[in-house]
Amino acid sequence: MAPRITVIGTGYLGATHAAAMAELGFEVLGLDVVPEKIEMLGRGKVPMYEPGLEELLRRHVAGIEGSTGRLRFTTSWEEVGEFGDVHFVCVNTPQKHGEYACDMTYVDAAFSSLAAVLRRPALVVGKSTVPVGSAARLAGLLRELSPAGDEVELAWNPEFLREGFAVRDTLHPDRIVVGVSGEHGEKLLREVYATPVGEGTPFVVTDYPTAELVKTAANSFLATKISFINAMAEVCEAADGDVVKLAEAIGHDERIGRKFLRAGIGFGGGCLPKDIRAFMARAGELGVDQALTFLREVDSINMRRRGHMVELARECLGGSFLGQRVAVLGATFKPDSDDVRDSPALNVAGQIHLQGGQVTVYDPKGMANARGLFPTLGYAPTALEACRGAQVVLHLTEWAEFRELDPAALGEVVAARRILDGRNALDAAAWRDAGWAFRAMGRPQA
Ligand code: UGA
């Protein structure tokens, strides 16, 4: 019989994983400690914006007309223990307050609660991003606290999904990495992932520490790539070069590649910034902090971008924000998401507001979350309304909607035709042709 699956923690990762497992044909039970989330998911509603996820969920949630009924949700640990053969732990690991290290409170609590209800053989699979060494410790905890003892096995299976592409990345991952301690775990996971593996997805088997490190290494590499091109943007700006052309030209070299070389106001979100910091903190504990000193630089190049955007805007307004109206297009940390965690766009908006600017923000999906985090900023229901009367427009998250704006129409409502492109995504020539002073990061001023 096919293994029955549980998913613990129903955020981006868990909700998507649970729906994807049901799509692959498994019976799935999802658990979260927040009853409101479980109630919503049980009705086939997704608590965040993620393209395609709600459709996938509704195809499988029990009780929804026409669904397969393979997916259910609960808040009961007992039910999870009784139901599952394979338990995926997908809770988050945020940055600790006032420290670089990551906060393992949720992971530790989930493992303790789960262990207590494991009364028969089971495979527990960690998916959360954790400091290297955690899996070995958690395997011990499971053995110690589970009534089933040695019949409970642990595997570590990091997740590489991107917000905005969560469904596609989960159903068709570019690799599956599993850190295991024995053959049984590998065999079960090969069964769980038989469909993507059958489609050609590489299945990489490692030990625990390597599996944990693969995840942090991958995110560190991505962060480094972005900061590299942003460092080039700084030099381009000083030398009157064009970082967009530079990225295109170096990207033709396959060893470098074109992806993740978009210069602008830098990376944010719930993953890259906190993951590189947690990695540095862990390296320090392991006595190899020098190996990751470069990540400090990656982090500071990245944070400098936000400050630089504020500087460009101030310069554009003749040296001060006082009494000036500033339109901000974009609040989320990237397009096709409603996530505003550590969003560079909101950080820039907030800094300008604190320096006396009258900031009005518009974002296609992130308004509610942005309001929650920065209630004192102004918000408008459309891009056009946000720009009404503005002395300068800042393009800070590259939603498709903003690329489609008509420069002439927008020119009618602003107080001055000035735009700064913080994502190098707008068509400079089209804006300049419509009479706008257009400036982008790391590109020559016309
Ligand atoms: C990132 C990784 O890409 C995923 O592989 C990983 O699974 C995930 O973290 C995670 O650890 O859970 P995500 O946070 O969704 O995914 O966002 P990315 O697409 O990596 O973008 C991160 C930030 O970098 C965004 O603010 C984006 O605007 C910025 N970025 C990206 C650039 O500034 N330039 C680029 O060229 C690419």
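Backbone N, Cα and C define each Cβ position, glycine as well.
Record check, TrEMBL: NAD(+) site residues include ASP32, LYS37, THR93, THR129, GLU163, LYS274, and the candidate from ARG341, ARG371, ARG388, ARG403 also listed there is ARG341. Cross-referencing LYS96, LYS334, LYS365 against the substrate binding annotation in TrEMBL, which names PHE160, LEU161, ARG162, GLU163, LYS215, PHE260, LEU261, ARG262, ALA263, GLY264, GLY268, picks out LYS334. Of the candidate binding-site residues, ASP32, LYS37, THR129, LEU261, ALA263, the one lying closest to CYS271 (active site, nucleophile) when CA atoms are compared is THR129. Across PHE160, LEU161, ARG162, GLU163, LYS215, PHE260, LEU261, ARG262, ALA263, GLY264, GLY268, LYS334, which the record gives as binding substrate, the greatest C-alpha separation is 25 Å. Around ARG162 (substrate binding site), the same-chain residues at least 6 positions away in sequence with a Cβ under 8 Å from its Cβ are ASP169. Counting in whole angstrom, ALA263 (substrate binding site) lies 38 from ASP32 (NAD(+) binding site) by their C-alpha atoms. In sequence order, the binding-site residues near ARG341 (NAD(+) binding site) (Cα within 10 Å of its Cα) are GLY268, drawn from PHE160, LYS215, LEU261, GLY268. Here PHE160 (substrate binding site) comes close to ASP169, PRO173, ASP174, ARG175, LYS215, ALA218: these same-chain residues lie at least six apart in sequence, with C-beta atoms under 8 angstroms from its C-beta.
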